[in-house]
Amino acid sequence: MAKRDYYEVLGVGKNASDDEIKKAYRKLAMKYHPDRNPDSKEAEEKFKEAKEAYEMLSDADKKAAYDQYGHAGVDPNMAGGFGAGAQGFGGFAEAFGDIFGDIFGQAQQGGRRGAGPQMYRGADLRYSMEITLEQAAHGYDTQIRVPHWDECDHCHGKGAEPGSSVETCPTCHGAGQVRVSQGFFTMQQTCPKCHGNGKYIPKPCSKCHGQGKVKSQKTLEVKIPAGIDEGMRIRSSGNGEPGINGGPPGDLYVEIHIKAHSVFERDGDDLHCQMPISFAVAAMGGDIEVPTLGGRVTFNVPEGTQAGKTFRLRGKGIKGVRSGYAGDLYVHVVIETPVRLTEHQRELLRQFDKSVHEGGSRHSPQEQSWLDKVKNFFSS
């Protein structure tokens, strides 16, 4: 029997986003999961079909091959295939993490059911940091203060008020999970009384309210690498929220935001700046000082430089955090028009303008070209 189109299997269009594909798969997996349909061969086949479609369309390379060649591009039994297909349910828990763990009683890393309290990885934390362009370019070491959980000094981490005890949950008898019948099938879910801990605290600690920990602040050392760009994140492993029931802690992600600079604009590893010069320097040329992140450099402006001209200073940008190569600095020329002139200065400019126009296109090539275009426009 010919295979159905993977997009048709998931019920999405060929232009569906990764998020839409994932949502469609989750919906079908929930509907046809074997735990919900224990005696249905049809449901099992539909589940496998949906899983195979998701494995192909969620992988960029496999999806590209399928879009171009169809099933021939990904079938291991055909030339050019990627060699992937639906084989059992091994990738199911990995694809969904703990989303189905609470529904079907599966631990976060496998399908063991009814085996006591589950361990969960702690949540990741995000810390937003604003730095200057100079700090981003050169890198530096700094300290940040982030929320942190400490052991409660009142109950010493037990969660129970001193003098009382922690008891085995009377609902799940320490298993952390209970069986619930819904219609024609039975599911395992997290115990609603102990929330999967398997323990029950009749008299919670008055300070930490049964958590066994209290929130505080922790100082961390953070190394900002040279060349870091807007929106990049630095991971500090193990400094997120603590795990549950002995699970590993999450990570802390420091998200970098760069302040606007008064002189430079950044474009990747390149820098841009506007450089005002006088009319005289633009006409006759001359040396000017150009600012860079490493200090001032001397640049020779060629004579006859026009407004809007851009000069490129190689290697005067930012050394990329990934590439290791320095970008360039682009200097955009802005010719300043003199203001608040004296009468003597005005007269000198009139004489200069007259002498320039007597030379025609020899002195003002752009103006002469524009005048020629206007004449042609009105004479046509």
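Note that Cβ sites are derived from N, Cα and C of the backbone, with glycine treated the same way.
Pulled from Swiss-Prot, these are the features on record:
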BINDING   CYS152, CYS155, CYS205, CYS208  Zn(2+) 1 binding site
BINDING   CYS169, CYS172, CYS191, CYS194  Zn(2+) 2 binding site
DOMAIN    5-70  domain 'J'
REPEAT    152-159  repeat 'CXXCXGXG motif'
REPEAT    169-176  repeat 'CXXCXGXG motif'
REPEAT    191-198  repeat 'CXXCXGXG motif'
REPEAT    205-212  repeat 'CXXCXGXG motif'
ZN_FING   139-217  zinc finger
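Shown on the structure are the features that Swiss-Prot records.
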| residue | record | contacts (Cβ under 8 Å, 6+ apart) |
| --- | --- | --- |
| CYS152 | Zn(2+) 1 binding site | GLY159, CYS205, LYS207, CYS208, GLN211, GLY212, LYS213, VAL214 |
| CYS155 | Zn(2+) 1 binding site | GLU161, PRO162, CYS205, LYS207, CYS208, GLY212 |
| CYS169 | Zn(2+) 2 binding site | GLY176, CYS191, LYS193, CYS194, ASN197, GLY198, LYS199, TYR200 |
| CYS172 | Zn(2+) 2 binding site | VAL178, CYS191, LYS193, CYS194, GLY198 |
Summary of DSSP states over the repeat 'CXXCXGXG motif' (191-198), given as helix, strand and coil counts: 0 helix, 0 strand, 8 coil
CYS191 (Zn(2+) 2 binding site), number of other Cβ atoms within 10 Å: 21
Cβ-centroid neighbours of Zn(2+) 1 site CYS152, CYS155, CYS205, CYS208, 8 Å, sequence order: ASP153, HIS154, HIS156, GLY157, LYS158, GLY159, ALA160, GLU161, PRO204, SER206, LYS207, HIS209, GLY210, GLN211, GLY212, LYS213, VAL214
Secondary structure composition of the repeat 'CXXCXGXG motif' (152-159) [DSSP: H/G/I, E/B, coil]: 0 helix, 0 strand, 8 coil
